[in-house]
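Peer 1: Below is the structure I would like to discuss, written out as structure tokens.
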Amino acid sequence: MGAQAPLRLPAAPPLAVCGYTSVLLLFAFCLPGSRASNQPAGGGGDCPGGRGKSNCSELNLRESDIRVCDESSCKYGGVCKEDGDGLKCACQFQCHTNYIPVCGSNGDTYQNECFLRRAACKHQKDITVVARGPCYSDNGSGSGEGEEEGSGAGAHRKHSKCGPCKYKAECDEDAENVGCVCNIDCSGYSFNPVCASDGSSYNNPCFVREASCIKQEQIDIRHLGHCTDTDDVSLLGKKDDGLQYRPDVKDAGDEREDVYIGSHMPCPENLNGYCIHGKCEFIYSTQKASCRCESGYTGQHCEKTDFSILYVVPSRQKLTHVLIAAIIGAVQIAIIVAIVMCITRKCPKNNRGRRQKQNLGHFTSDTSSRMV
């Protein structure tokens, strides 16, 4: 037998081949997951376990929040705490309100050291205490030597050797013992004893300034005359000598860290109960505690009853009540006066009629016959 020729199928028409190809391509594109396989990883496809692009963005935000709060990004006493679905760096500082000012390395004055640490945590910046007491502006015309520490307007001037000299002290770099030198001469002042905030008596106010300059600490005049046993040093705060410069106290209690400047401050905790019937306030200018007494009380500690309260002009809140009471009283008085006037006018007429009837009843028969 001879070799058989291979079986050949009849050639398909060209139109049929094109039709089959187009159907296969259309079927391939319509298969589920085909579009996802064509898109790059991480592209705008559906998130695993999610419901769309919105869930993708939320997931990314959550992951970014978790990555942000860690030991490297939440420092200076901050604690990572849950805030909704993410984590947040929280600065939990319970600061007291006592006025013990400190100067920060950023040039800002803070009410006390706790407020400084809270500001460092809030801004995540390294803020340290450069000096005890408020920051002072350098108003002198010095030579400009030395570095300016901090960016604030009231920054300390850091000298090359001495450090910050305060209370009118000058840096003497040529001296053997480099330090702050006080050139205050009190020889021309007369004897005028005063009591200072450190509990010591000085012959005149100039010696108080000299002692403050030498000790490089704030010493203020409390009152004229020598100190007595009743003087309490703890009642005093610290302020600048001569009140030529009032520092700006940074309070991190609100979002803007507004500057706390004012002539009155809340009294410290050791003065609780200082005012019996009133509010205790610490006056910055005099560095003394005072009482704002309630209505009806007077005295240094609001312990006395004010008997002249009826003659005191009422406050705005009570003025409306006083006016209403006055109007009601005036109306009542007017009604009473009207009633009294009506009664007094009717009474004489009634009396006259009664008298006439009584006179007619007294006539006898003889008098009546005579009249006839």
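Glycine residues also receive a Cβ, built from the backbone N, Cα and C atoms like all the rest.
Look at Swiss-Prot and you will find Cys91-Cys121, Cys95-Cys114, Cys103-Cys135, Cys182-Cys213, Cys186-Cys206, Cys195-Cys227, Cys267-Cys280, Cys275-Cys291, Cys293-Cys302 tagged as disulfide bond. Annotation comment: Swiss-Prot describes 263-303 as domain 'EGF-like', evidence class sequence analysis. Annotation source Swiss-Prot lists topological domain 'Extracellular' at 37-322. Look at Swiss-Prot and you will find 344-372 tagged as topological domain 'Cytoplasmic', backed by a curator's inference. Per Swiss-Prot, the feature transmembrane segment maps to 323-343.
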Peer 1: Can you tell me how far the Cα of Cys135 (disulfide bond) sits from the Cα of Cys195 (disulfide bond), in Å?
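Peer 2: That comes out at 26 Å between the alpha carbons.
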Peer 1: Where Cys291 (disulfide bond) and Cys186 (disulfide bond) are concerned, what is their Cα separation in Å, rounded?
Peer 2: 36
Peer 1: List, in sequence order, the same-chain residues at least six positions removed whose CB sits under 8 Å from that of Cys95 (disulfide bond)?
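Peer 2: Spatial neighbours, sequence-distant, of Cys95 (disulfide bond): Gln111, Asn112, Cys114, Phe115, Arg118.
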Peer 1: If you run the three-state DSSP split on Cys280 (disulfide bond), which class comes out?
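Peer 2: Assignment for Cys280 (disulfide bond) reads strand.
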Peer 1: Average pLDDT across the topological domain 'Cytoplasmic' (344-372)?
Peer 2: 58
Peer 1: Distance check, please: Cα of Cys275 (disulfide bond) against Cα of Cys302 (disulfide bond), rounded to an integer number of angstrom.
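Peer 2: About 6 Å separates the two Cα atoms.
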Peer 1: Of the disulfide-bonded residues Cys121, Cys186, Cys206, Cys213, Cys302, which one sits closest to Cys267 (disulfide bond) when you measure Cα to Cα?
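Peer 2: Among Cys121, Cys186, Cys206, Cys213, Cys302, Cys302.
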